[in-house]
Amino acid sequence: MTLDKNKLSQEKLDQIITAARLMKTGGVVAFPTETVYGLGADVTNANAIRKVYEIKQRPANHPLIVHIGEIALLKSWAQAIPESAWILANHFWPGPLTLILKRSQHIPDYVTGGQDTVGIRVPAHSVALALLHALGPDKAIAAPSANLYGKISPTSAAHVRAALDKKIDMILDGGACTIGLESTIVGFNRDTVSVLRPGGISVSAIESVLNKTVVLCQNTRSATRVSGSLPAHYAPTTPLKLYPTEMIFQTARRLSARNLRSVVITWSDIDLPELNGSNIHHVRLPNKPTSYGKHLYATLHQYDHAAFDYILMEAPPELPSWLAITDRLQRASFSHISSTI
Ligand code: TXA
Ligand code: MG
């Protein structure tokens, strides 16, 4: 495994050794990846995996992603790996890409929710890779995002602490996640390559590496269970609504007149109309999808706990590069889609 341990302090390396020891004895440890923080356990430890489901309050038939330390280990955990999967793994790993493959006999039922496929990726984060390294080549970490089921994924150790602190054995702090959105999930069926969840790697990047068109099926109901593909997901507790640019401030003003507080989150350079009193708080996120994606969840976490009645989001541009963000915001707003304010 290529690993630049020089980047990690001795203190961090010691924490990683402790985390690996905890995991080897059935512990549940939150750890950083480049996408979001994961809630990890040893793939082969039934009891530890059961705890992950319990802590997250996740339905048992929703499979977990298996994290491995290097591409060479893929063959231990998957079989009948298609050529296009190898091409993607070689190009994008370590990185925010999860491949859904036929599982090997080493992957137990309780990790995949009984499905005969398994989601696998090599995370691009020095702490995650060092943790996998410390566990050893015969181990892998099954990890969903380290949030309660249906809620916003954590992109910092503080987010994990706020949601799960007392329930888990340890939180490894690796700073803020650089991508900030979950991995892209890709499935294979004969000659068809499908994106099941848009994410850190764009559909066009996958198409250009494979030199073929891929199918985007994030909104279809398939036989496989992708919890991030359920309509309501990634949701803050505060009602979140999406508005076109030209409607967002007038909506906030209408709420303000009823003495309701809203945070207005925009990306464009629309001019700020005069805001009435203290009921409206304006936050401007970057207008580039990569930097917007990096800050999105942190911003939602921050304002979800700031006593606002509504989170009003400016609808993202309808461009392929914003697809993962649009997907997450539509799911975050789904429960309130038909409520009028
Ligand atoms: O970036 C990420 O993918 C993060 C980090 C921690 O790696 N993980 C993550 O895990 O987002 P989770 O559990 O929150 O979302 C994983 C998604 C779920 O929607 C799950 O249903 C889907 O992957 N998944 C896992 N295995 C699958 C399989 N065999 N077939 C179809 N979907 C699968
Ligand atoms: Mg998740």
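Each Cβ is built from the backbone N, Cα and C atoms, and glycine gets one as well.
TrEMBL annotations: computationally assigned, not manually curated.
Per TrEMBL, the ATP site holds Arg58, Thr117, Ser145, Ser153, Arg197; the candidate it also names there, chosen from Tyr234, Tyr243, is Tyr234.
Residue pairs drawn from Arg58, Thr117, Ser145, Ser153, Arg197, Tyr234, the listed ATP binders, are separated by up to 24 Å at the Cα level.
Among the binding-site residues Thr35, Arg121, Ser145, Tyr234, residues whose Cβ is positioned under 6 Å from ligand 2 are identified as Ser145.
Residues near Ser145 (ATP binding site) in space but far in sequence (CB under 8 A, at least 6 apart, same chain), listed by position: Val36, Tyr37, Gly38, Leu39, Ser153, Pro154, Glu182. In the three-state DSSP scheme, Thr35 (L-threonine binding site) is classed as coil. Counting other C-beta atoms within 10 Å of each candidate's C-beta, the binding-site residues Thr35, Thr117 are led by Thr35.
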